[in-house]
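Visitor: Please read through the structure below; I'll follow up with questions.
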Amino acid sequence: MAMPLCSLTSYNPITTTLRGHHFLTINAYVKTQCIPCFFIKLHTRSSGSKQRIIDLRSGSSNIVACVGEGATSLSSHSDIMKTAKREEIPPGVWKDDISDSIMSSHKPEADEKRVEILIAEIKSMFRGMGDGETTPSAYDTAWVAKIPALDGSDHPHFPQTLQWILQNQLQDGSWGEGTYFSTYDRLLATLACIITLTVWRTGQTQVRQGIEFFRKHAGTMEDEADNHQPIGFEFVFPAMINEAKSLCLDLPYDTPFIKQIIEKREAKLKMIPTDTLYTVPTTFLYYLEGLQEIIDCQKIIKLQSKDGSFLSSPASTAAVFMCTGNTKCLEFLNFVLIKFGNHVPCQYPLDLFERLWAVDIVERLGIDRHFKKEIKDALDYVYSHWDERGIRWARENPVAYIDVMATGIRILRLHRYNVSSDILKTFRDENGEFYRFPGQSERGVTDMLNLNRCSHVAFPGETVMEEAKLCTERYLWNALENVNPLDKWGLKENIRGEVEYALKYPWLRRLPRLETRNYIEHYGANDVWLGKMMHMMPYINDRKYLELAKLDFNNVQSIHQKELRELRRWWKSSGFAELNFLPDRVAEIFFSIASSMFEPELATCRAVYTKSTLCTVILDGFYDVHGSAEDIMLFNEAVKRWDHSLLDRMAEHIKTCFLALYNVVNEIAEEGRKRQGHDVLPYIRNLWEIQLESFTKEAEWSRAEHVPSFHEYIEAAAISSALPTLVLIGVIFTGEVLTDHILSQIDYRSKFAYLMSLTGRLANDTKTYQVERGQGEVASAIQCYMKENPELSEEEALEYIYRLMENALADFKCEFLNTKDVPEYCRRLVFDNARSMQLIYMEGDGFKLSHETEIKQHVKKILFEPVA
């Protein structure tokens, strides 16, 4: 019978068989007077137990009882079988002179002053965030300008707005957003302005030019995509056409499109549920100026926002004020004009929207480390306005918008704020489909893309997030079938590229520098937002962000190139390159750490991680393929002694492996002593002994052609994956003094580290088991599971392993989001190790076969190719 998934994703302290009769148990938690320890018990079935405690702080290594003499020998096969298992080494990807060729002419020091200026300017933007910066709306300004003077005189109450209209007509005779031409936007704004000028009997020249523009372009509206229609266009445009008729303006009223939109409005007006129109805030509040003949203005006042507006819309608020004289409406309009002077935007405030999007931009562009305080201040502000209804685009806004809600949930969760996803249920219909606003049936590419991103930070059991993931994936794949996928609330030049990237590389396959490089290529500094009118938001779309991101990326890449050149020199001097165990994969392995732990101050962490990984890969090949049983026993003994006393008994390839490991570990330990303030050599040696014992066990399985139980294999994989070893060495160099509490959350005692190892091993197995089986490897997750479930086909077993991995990844993600009191770099090292494995084994063995997978292109983009 197939094992239930839940039985393997639950966490237990790790117990695995190592070196024949010995068992390794990693205790779930050990505390000895708050001194950080790495606590390991070695048991035998015969003569009691032995116990070794490695104290990271003191560096002492106390053997409570000796490990025992004479480990059981490994089963030996013939040298012929050993040779048969050796795989043909894939070709190297990078040329021998790569060290010189990768060194770009980029000089980071030349950019330092400009970088400092940009950082200061962006910090100033964050500090200056109030209720939101946005561009003028000619349409809304025209509505405000229509308000007559309160003293009854024949003048506008806000004469400055009328002057703005007279002074801001575009050269073609239209009004509207000048940076992007949309027929809908221009005609709606132009119609509003010529009506207002006609009402006040001024600007005859501007009116004539506006009418000429309108007549010229009215017939082309039917050619523009429906997705470019402003929100509420089908209500406000026909209403204004009727007003233009009453003013005897010479417009082409018989144009087919105008007739169609009027008919469409009449049909929609009949469908409006008048019983709920005055009881529940809806998007109708956003365009009340287009519904004046059907609404009771006195009743609608009940849905007025606390700030006096109707859904933050100056036009809608102005229309209600002219109908009711409500003083709160006037207070809101005065408030907006105090901010903007002689014009108004299409909606205001936008305080929550602006802060969330600014944080999202600097994070996705990879420059967030320069703005830690600003980000925290912005998110504290956003979270202070989170309630049981979630958040809106503005603090007083009564209508929920899924784009803001989804983005808020994702960003706040990633920053450890406690927010619930239950609010997303209000956007879901009975068929499990999600829409932009509750109870409505419109949605756009950006809405669904941000909801999809949100769904990836789900906790186990959050059904609504899983439903959102499935719904958005369907929608986005369908959107890609269009030649030019269009968005409803934004005109983005690179929306297709963003969607393709998000679908191909979900969050758990996405490394920070790849995300940065991709977003630099897709960020639109000139993107236009589409609400009731087109508008731009300068604190969200600003070329300063992009300029800093490019400079920063190239500066960091230049640092990484220098590090890679030194690592390649070390690789050649170590003797590893001559062993023919592995092709030159220094760049790929360095990429796996540099694409996540990329900050300049983590240079030592990257070097240590890369060297340790190369040692691990080489030794895995030695134990697995290139070493005899006797070779392995000799090597293990040499590592235990940690001296040169056995070198004379070693073959050259064994000697090379040992000396390289010996020198690397001693070098790392010396640097670690400086960082941690005490001797860490016993700690690091102990990690390697554990690692090599796991390699020994797997070699024993292979030589005996033994397929272990699935449970035994999975438990052993927690160590044999080598990920804990690499993380626990690398974490020494993240700038933190390691306490027992920190270690307990990321070492073998933690579920976090266990799931990192498990998911990494399963990702590896699913893409390598067939090749390794052909080389004589008999133990993999797939084969072990099939042994216990012989009724299953290989495809069914593989499908089970994929499901197991997905469940484990969900738990792992939860651990990452919930891990408390662990420094950011430590958490990231664990989390991004797991993500790196998911990416590298996405198509195949991305380390060994990088020349055949996309990994080569990723390496080039992150390490070799600067952004232009």
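Keep in mind that glycine also has a Cβ here, set from the backbone N, Cα and C atoms.
According to Swiss-Prot, the feature Mg(2+) 1 binding site maps to ASP620, ASP624, an assignment based on similarity to another entry. What Swiss-Prot records for ASP620, ASP624 is Mg(2+) 2 binding site. If you look up Swiss-Prot, you'll see ASN764, THR768, GLU772 marked as Mg(2+) 3 binding site, on the strength of similarity to another entry.
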Visitor: List the same-chain residues at least 6 positions away in sequence whose Cβ sits under 8 Å from the Cβ of ASN764 (Mg(2+) 3 binding site), in sequence order, or say none.
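Guide: Long-range Cβ contacts: SER721, MET837, TYR841, ASP845.
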Visitor: Around the Mg(2+) 3 site formed by ASN764, THR768, GLU772, which additional residues qualify by having Cβ within 8 Å of the site's Cβ center?
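Guide: What remains near the Cβ centre is ASP765, LYS767, TYR769, VAL771, GLU777, SER780, ASP845.
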Visitor: Just counting, how many other CB atoms are there within 10 A of the CB of GLU772 (Mg(2+) 3 binding site)?
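Guide: Within a 10 Å radius of the Cβ of GLU772 (Mg(2+) 3 binding site) lie 20 other Cβ atoms.
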Visitor: Roughly how many Å lie between the Cα atoms of ASP620 (Mg(2+) 1 binding site) and GLU772 (Mg(2+) 3 binding site), rounded to a whole value?
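Guide: ASP620 (Mg(2+) 1 binding site) to GLU772 (Mg(2+) 3 binding site), Cα-Cα distance: 13 Å.
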Visitor: What is the number of other Cβ atoms found within 10 Å of the Cβ of ASP624 (Mg(2+) 1 binding site)?
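Guide: By my count, 20.
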Visitor: To the nearest whole angstrom, state the Cα distance for the pair THR768 (Mg(2+) 3 binding site) and ASP624 (Mg(2+) 1 binding site).
Guide: 14
Visitor: Between the Cα atoms of GLU772 (Mg(2+) 3 binding site) and ASP624 (Mg(2+) 1 binding site), find the distance and write it as a whole number of Å.
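Guide: Their Cα atoms are separated by 10 Å.
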